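Here's the structure, in structure tokens; my notes come after.
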Amino acid sequence: MAASGELVPCSVYFCGSIRGGREDQALYSRIVSRLRRYGKVLTEHVADAELEPRGEEAAGGDQFIHERDLAWLRQADVVVAEVTQPSLGVGYELGRAVALGKPILCLFRPQSGRVLSAMIRGAADGSRFQVWDYAEEEVETMLHRYFEAYLPQGTASSSNPSACLNPTVLEKI
């Protein structure tokens with residue numbers, strides 16, 4: 001248990017495209033690097049420059065990857081997704097995160113020329129599910145803004161899906 005005033009790190013599930021395209025890999029690396037300031041990033045491999053567009057070659061195949069990633073998603077306190085590069089996997093992860101009641105931040109770059117799916121933008125409720133437009137040079141600032149608002153002091157263990165998030169500010173962002 002953390003002492004009063006001590007920040008307890010989050011378990012963060014980061015979503016980014018793998019098989020849908022690796023064009024944003026360098027950006028994912030910046031995001032994961034920043035997310036490490038706020039807690040343990042369970043899905044650091046998404047940012048790995050060595051990860052091929054066809055995905056990782058796990059010993060148990062696709063089923064193993066699915067089960068492992070769902071276990072990480074259940075463990076996570078918060079989900080952060082870069083949703084500019086369309087990805088069926090990221091959409092699936094977000095749907096599962098919603099079903100699990102996880103707080104979600106989706107980041108989208110309108111300057112990409114893409115249009116974000118209505119199923120993502122339309123899910124935003126300004127509270128548990130947030131979609132923020134940003135420019136690439138703002139990514140660290142956006143993450144800082146989100147976690148500064150959501151991370152309370154002296155929170156409990158990550159067995160609670162919202163343990164590292166401050167519920168008193170959910171409506172204020």
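Note that Cβ sites are derived from N, Cα and C of the backbone, with glycine treated the same way.
Database features (Swiss-Prot):
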type	residues	note
BINDING	Gly16, Ile18, Arg19, Gly20, Ser87, Gly89, Glu93, Ser117	5-hydroxymethyl-dUMP binding site
MOD_RES	Ala2	N-acetylalanine
MOD_RES	Ser17	phosphoserine
MOD_RES	Ser87	phosphoserine
MOD_RES	Ser112	phosphoserine
MOD_RES	Ser117	phosphoserine
MOD_RES	Ser127	phosphoserine
MOD_RES	Ser158	phosphoserine
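It is Gly16 that, of the binding-site residues Gly16, Gly89, has its Cβ surrounded by the most other Cβ atoms within 10 Å. Each residue contributes its Cα atom, and for Ser17 (phosphoserine) and Ser87 (5-hydroxymethyl-dUMP binding site) those atoms are 5 Å apart.
Rounded to a whole number, the C-alpha distance linking Ser112 (phosphoserine) with Ser87 (5-hydroxymethyl-dUMP binding site) is 15 angstrom. A straight line from the CA of Arg19 (5-hydroxymethyl-dUMP binding site) to the CA of Ser127 (phosphoserine) spans 30 Å. A distance of 23 Å separates the Cα atom of Gly89 (5-hydroxymethyl-dUMP binding site) from that of Ser127 (phosphoserine).
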